[in-house]
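Here the structure is laid out as C-alpha cells; the discussion comes afterwards.
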Amino acid sequence: MYTCRTAAVRLYPGATTATTNMDVAKTQAEQLRHEASIQRKKVSEVAKDLIDYCEKEKPNDTLVCGPSDSHNPFQEKKSCIVL
Amino acid sequence: MSELDQLRQEAEQLKAQIREARKAANDTTLASVAANLEPIGRIQMRTRRTLRGHLAKIYAMHWASDSRNLVSASQDGKLIVWDSYTTNKVHAIPLRSSWVMTCAYAPSGSFVACGGLDNICSIYSLKTREGNVRVSRELPGHTGYLSCCRFLDDNQIVTSSGDMTCALWDIETGQQVTAFTGHTGDVMSLSLAPDMRTFISGACDASAKLWDIRDGMCKQTFPGHESDINAVAFFPSGNAFATGSDDATCRLFDIRADQELAMYSHDNIICGITSVAFSKSGRLLFAGYDDFNCNVWDSMRQERAGVLAGHDNRVSCLGVTEDGMAVCTGSWDSFLKIWN
C-alpha cells in the first residue's frame, strides 16, 4: 500500500501545479495519524464472530445447503415430448 | 531537518506504528480458529439458465433486489435487463457509448446505471410514463474511466474511477456531493456496506480503502495484495470484505481487526481474479478468473470447495442474489449463466 507504484511525480487528482510536495506530505501524514489512532480488535475475537455468523445463517444459505426442489425458482423446466 | 523531511519521517513512524498495532492484534489465525469447523463438502452447482443475446464481451452484471431481474453490460453497446426465471429480455437499452465497464440496478428497481471509457455515469429510468427506457441523467465529472457504480437509493449513487477517486452523486442535481481521494492508482471496484454508511474500494495501488460515505474520510487502508485489486465485496455481516487481484489471490480482510485474515490461492492458479461475491451466509466466496473458471472457496477453512466451469472465455463479472438462491456469472464469451 505504501509503495506508490506510479511515477513519483504523479500528483493526487485535483492537484494543480500549486500543490506542492509539502501539501502531499501533510495530507499523507494527517491521514496516517488518523489511521494509526483506531482501536483494533483481536483476530481471535473477530474470526470467531465471522464463523458464528456463517453458522447462524447457514440454514438460509441455499448455495451451501442446496435448494429444495419444492422451492427452487431456477429448477430446470421439464421438457415435454410432443408425440 | 526541513519541515518536509520531518513530515516524511513522521509518516514512516506512523506506518511502523500501524504495522506494530496490527501485529499486536494478530493473536491467532482464521485458519486455526476454523480448524474444527465442519467442512461443507464438495459444492457442485449446475447451470440452470443461460442468458443469450449479447453480441460481444460482457463486462458487468448486477442483480436487482427482487433476486429475479438482472442487468448486464456488453461492449456490443447494450444494457440488457433480463428476467432470469424465464430468460426473457425485459429491456434492451442501446448506449450512447459502447465502451461500457460497469452497470448497476437501483434497489427500488426503477433505475439502472452504467458507465465506462466515456468517464460518465449514465442513469436510465426503467419506469417512465411513456413506457420506454430513457436516459434520465448523465453524471460527468470524473477525469478517468468509470470502473464501478452502485446506487444508495434512487437519488444517490457512488462511483469509482480510473482517475483514482470515488464520488458520491446527487442524481437530481447531477452534482458530486463528496469526492473520496487518497488512492494512488486507478480505482477498479467498490462495494457498499450492508448498512450503507461506508463502502470499500479496491485499486491498482494494491490497497483497499474503507470510506465513510457522509464525511468523505478514508477510515482505514488495507495493504497486502501484490498487484492491482480488481474486485471487492463485503462479507454479509458488514465486518469484513473480500478482494480479488491480478496477483492470482483473493483475500479476506477484517475491518475491526484492521488486517488481512485469509488468502485464497493455489500453486496452479496463476491468473488474475476479475470478480468476487459471497453467498448469503458468507461461507462461500465465489471468484471469477481470467482462465474461464469461477472457483468456489470455503471462506472460513480457506479450501476450494468447487468450480463453476462452463464459459469459453474469461469470467468478467459475477453476483449472488439477495435471497441467496443463485449465482450469476458473466463472460467475455457473451453469455451469462445462472447456477445453483
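Placed from the backbone N, Cα and C atoms, the Cβ positions cover glycine too.
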TODO: May I ask you to indicate which of B:1-31, B:63-93, B:218-248 is given in TrEMBL as coiled coil?
DONE: B:1-31
Open item on the list: Checking distant contacts: for the repeat 'WD' (B:308-340), what same-chain residues at least six beyond its ends satisfy Cβ-Cβ under 8 A?
Closed with: 45-52, 54-63, 65, 67, 70, 72, 74, 76, 82, 84, 274-281, 286, 288-296
Task: Rounded mean pLDDT for the residues that make up the repeat 'WD' (B:51-92) - done: 97
Task: Secondary structure composition of the repeat 'WD' (B:51-92) [DSSP: H/G/I, E/B, coil] - done: 0 helix, 24 strand, 18 coil
Open item on the list: Counting only residues 6 or more past its boundaries, what in the same chain has a CB within less than 8 Å of a CB in the repeat 'WD' (B:222-263)?
Closed with: 21-22, 25-26, 29-31, 185-186, 188-195, 200-204, 206-210, 269-278, 280-282, 285, 287-288, 297, 299, 302
Task: Residues of the repeat 'WD' (B:222-263) by DSSP state, where helix covers H, G and I - done: 0 helix, 23 strand, 19 coil
TODO: Sort out the residues at least 6 away from either end of the repeat 'WD' (B:180-221), same chain, that have Cβ-Cβ distances under 8 Å to it, and list them.
DONE: 144-145, 147-148, 150, 152, 158-168, 227-234, 236-238, 241, 243, 245, 247, 253, 255, 258
